[in-house]
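As annotated by TrEMBL, active site, nucleophile applies to 129. For 19, 43, 44, 98, 126, 164, 190, 216, 242, 243, the entry in TrEMBL reads FMN binding site. Summarising the annotation, TrEMBL assigns substrate binding site to 43, 67, 68, 69, 70, 71, 126, 191, 192. Positions annotated as domain 'Dihydroorotate dehydrogenase catalytic' by TrEMBL: 1-285.
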Ligand code: DOR
């Protein structure tokens, strides 16, 4: 009754961990059996290894957190040589590969390498990282640039391609439609919202890079609204992300149109949140008279 589907791949339940909050699974697998997840999206992976942005690059604040990690990751070759073989020992489902790049060609190259890995079910194209110059969000705020990345990745792979969108745009449907027309098989949204905090003692921004991506429960209503709009605008499946931390919010996202969801910042507050949300889903479904989760997708649009 929790089963759902994303681009032809069946998920035992709709709950995935969002990229950047679950690494490549190692740390969480020490806490609990991560096979309870529907899946997870691994850390945004680039062609070359990256150390990321200067510290401090994380700030906690009310109802969320700001990060300016800057796509720290070991690079695609190391992920293939070390992380994926280890992942196969702790996770027996398909994983989502989140990829980043600084040019259209780079995205395509990383995608092509990861496309050959059996355990990867989907390629999630991160065109929405707010923390890197000349990459990430630069592609995710311009429909033509987004379309070029998606087209190049589609040409390079056979696995389903999911475009991960930024909330830092005025018309989210325009971005979703551009990605769909460029061949995306699905849309995931939203990445983090650009934000900042200022330290009253130093009177300077808390984050070394001044700004960062804001995520956490405060963005849930905005993310839900965008999922609702994108579901109306495209025919491809939608994955809902943004401030989710409860089973009730998973159901709201699915009623808005998500066929699966990703939990992000909440993993950093409570590492057991994904497991708890999955545990709570049957009870909340019973309470609201829901027999099959997949039957409620987009239900809030009827009538
Ligand atoms: O908020 C984010 N931080 N979004 C991303 O896509 C990447 C991440 C980072 O590494 O900076």
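Using the three backbone atoms N, Cα and C, a Cβ is placed for every residue, glycine included.
On the structure: features taken from TrEMBL.
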residue	record	Cβ contacts under 8 Å, 6 or more apart
19	FMN binding site	41, 42, 43, 44, 96, 98, 124, 126, 164, 262, 264
68	substrate binding site	53, 57, 58, 131, 207, 208, 209, 211, 212, 213
70	substrate binding site	50, 52, 53, 57, 131, 132, 209
129	active site, nucleophile	44, 71, 100, 135, 136, 137, 191, 213
190	FMN binding site	128, 165, 166, 167, 172, 219, 222, 223, 226, 241, 242
192	substrate binding site	67, 128, 130, 167, 212, 213, 214, 215, 219
Open item on the list: Using a 6 Å cut-off on Cβ distance, which of the binding-site residues 19, 43, 190, 242 come close to any atom of ligand 1?
Closed with: none
TODO: Look up residue 129 (active site, nucleophile) in the DSSP assignment and report helix, strand or coil.
DONE: coil
Open item on the list: Just to confirm my parser: what is the rounded mean pLDDT across the domain 'Dihydroorotate dehydrogenase catalytic' (1-285)?
Closed with: 97
- [ ] Other Cβ atoms within 10 Å is the metric here; tell me which of the binding-site residues 44, 242 scores highest.
- [x] 242
Open item on the list: Is it possible to get the count of other C-beta atoms within 10 angstroms of the C-beta of residue 43 (substrate binding site)?
Closed with: 22
TODO: Could you tally the C-beta atoms, other than its own, that fall within 10 angstroms of the C-beta of residue 126 (FMN binding site)?
DONE: 31
